[in-house]
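The structure appears right after this line, and notes come after that.
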Amino acid sequence: MSRRRKKLPQESITCEIESLSHEGRGVSHKDGKTLFVEGALPGETVTARYVNSRRSYDELAVEEVLTQHPQRIEPDCQFSKLCGGCSMQHVDLGFQINHKESVLLDHLRHFGDLKPEQVVPPLVGAGRGYRTKARLGVRYVAKRDEVLVGFRERYSNFLTAIDECPILIESVGGRIPELKALVRSLSGYQRIPQIEVAAGDDMCALVIRHMDPLTEEDLQKLIAFSEQTGLAIYLQPKGPDTVAKLWPKDGQELLSYQLRDYGLTMQFHPMDFTQVNRDINRRMLAQALEWLQPQAGETILDLFCGLGNFTLPIARSAAHVVGVEGSEDMVRRGYANAELNGISNVEFHAADLHLPLAPAKEAKHAWLRTYDKVLLDPPRSGAEELAKQMTRFGAKRIVYVSCNPATLARDAGILATQGYKLIKAGVMDMFPHTAHVESMALFEKA
């Protein structure tokens with residue numbers, strides 16, 4: 001028998017906000033219970049309504065700000081109070097980045113008992129139109145005979161009824177009503193659950209997931225939309241491996257972005273992982289290479305290398321670079337990008353980097369050898385197994401690019417036991433207006 005959900009208090013309460021949680025929510029207390037208040041800032045007095053209740057804490061959302069923080073601003077997006085895509089549009093970018101830096105340092109201190117010798121200035125960029133990769137939910141609402149396209153509401157599985165998205169690349173974020181109308185015009189409009197957005201430097205693609213076959217009339221409508229907007233249309237009838245380009249019929253399935261500082265063109269499929277913020281990606285690369293300092297005689301290991309975003313820039317300076325990635329498809333993409341750019345001093349391998357490292361003598365693990373330096377860019381789960389055996393590679397310098405400060409701190413603590421010292425750390429604002437923290441850390445062998 002399922003447990004009956006506790007009924008939420010209906011009356012709003014007044015909260016004195018004491019601090020900000022790592023997730024960017026105001027923290028208060030009432031009757032010995034912690035309150036997390038969405039949309040509230042430290043030092044503010046607000047009225048808030050209950051949206052969720054747990055045994056040890058309650059979640060609330062701001063209704064009215066009675067005493068305002070000096071850095072509170074009017075959100076740039078009219079849908080910010082309802083849409084769950086952003087959580088910090090109510091405060092200026094300076095406050096956001098300072099908060100993210102504090103989160104990073106707190107995690108390093110609490111989880112790794114570490115403090116970097118130097119905290120470097122943050123990498124920051126534009127707060128609008130930065131997002132080149134996103135998954136938009138699609139849902140038909142029968143009561144209103146309307147198709148919604150966008151992100152989920154906060155504290156809900158419903159989609160937010162939006163007409164624009166200022167953080168998305170303009171060619172898509174400014175066309176939400178057109179996307180709604182397009183989906184509604186298709187025969188299977190009730191069976192289209194999502195649209196993937198992926199943009200290169202010169203082309204933006206929409207990958208439309210459709211559960212039912214499309215008619216010839218549907219295809220013509222999609223082609224007409226592509227020609228009117230300049231957006232490429234890809235169709236996905238089943239799993240990711242079924243994605244195929246519908247229009248334009250130019251023989252080019254891949255998108256691309258330029259890394260001009262290194263004379264590189266990086267090609268990728270719309271379903272490949274790429275960094276969502278192209279400007280911050282370029283700044284991140286510059287900082288990573290400055291910290292890594294690849295030299296002409298060195299062999300360097302790039303772990304979780306993806307399609308070669310770090311591998312190929314490093315190869316412009318190093319003698320040899322080895323990229324390792326969990327996906328065979330990404331290994332093939334890495335080799336293809338190397339060939340496209342005339343780079344021959346690289347090799348790519350596929351391996352599950354979350355498992356304990358196998359004996360180096362196994363042929364399929366030929367990449368398990370010594371290196372001068374290591375760069376790693378793991379997913380949110382981090383690189384615990386690699387950190388435990390990092391001395392095996394013999395590297396004197398490690399650059400760790402992180403999308404989760406908690407796992408970075410955990411792995412940094414492990415690296416410290418392996419004899420590596422935390423020299424520098426800093427944040428990168430890859431996702432403005434969210435509490436998401438991207439960071440970079442430099443370790444050197446003590």
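Here the Cβ of each residue, glycine as well, is placed from N, Cα and C on the backbone.
The annotation domain 'TRAM' is assigned in Swiss-Prot to 6-64 on the grounds of sequence analysis. The [4Fe-4S] cluster binding site annotation in Swiss-Prot covers Cys77, Cys83, Cys86, Cys165. The S-adenosyl-L-methionine binding site feature in Swiss-Prot is assigned to Gln275, Phe304, Asn309, Glu325, Asp352, Asp377; the stated evidence is sequence analysis. As annotated by Swiss-Prot, active site, nucleophile applies to Cys403, with the evidence given as sequence analysis.
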Would you list, in sequence order, the residues of this chain other than Cys77, Cys83, Cys86, Cys165 that have their CB within 8 A of the centroid of the site's CB atoms, where the site is the one recorded for [4Fe-4S] cluster? Phe79, Ser80, Gly85, Gln89, Phe151, Thr160, Ile162, Pro166, Ile167, His433
Determine how many residues of the domain 'TRAM' (6-64) DSSP places in helix, in strand and in coil. 0 helix, 34 strand, 25 coil
Between Cys77 ([4Fe-4S] cluster binding site) and Gln275 (S-adenosyl-L-methionine binding site), how far is it from one CA atom to the other, in Å? 23
Nearest of the recorded positions to Gln275 (S-adenosyl-L-methionine binding site) by CA-CA distance, picking from Cys83, Cys86, Cys165, Cys403? Cys403
Spatial neighbours, same chain, of Asp352 (S-adenosyl-L-methionine binding site) - Cβ under 8 Å, 6+ residues apart: Gly326
A 10 Å Cβ contact count, applied to the binding-site residues Cys86, Cys165: which residue has the minimum? Cys86
Between Phe304 (S-adenosyl-L-methionine binding site) and Cys86 ([4Fe-4S] cluster binding site), the C-alpha gap once rounded to whole angstrom: 27
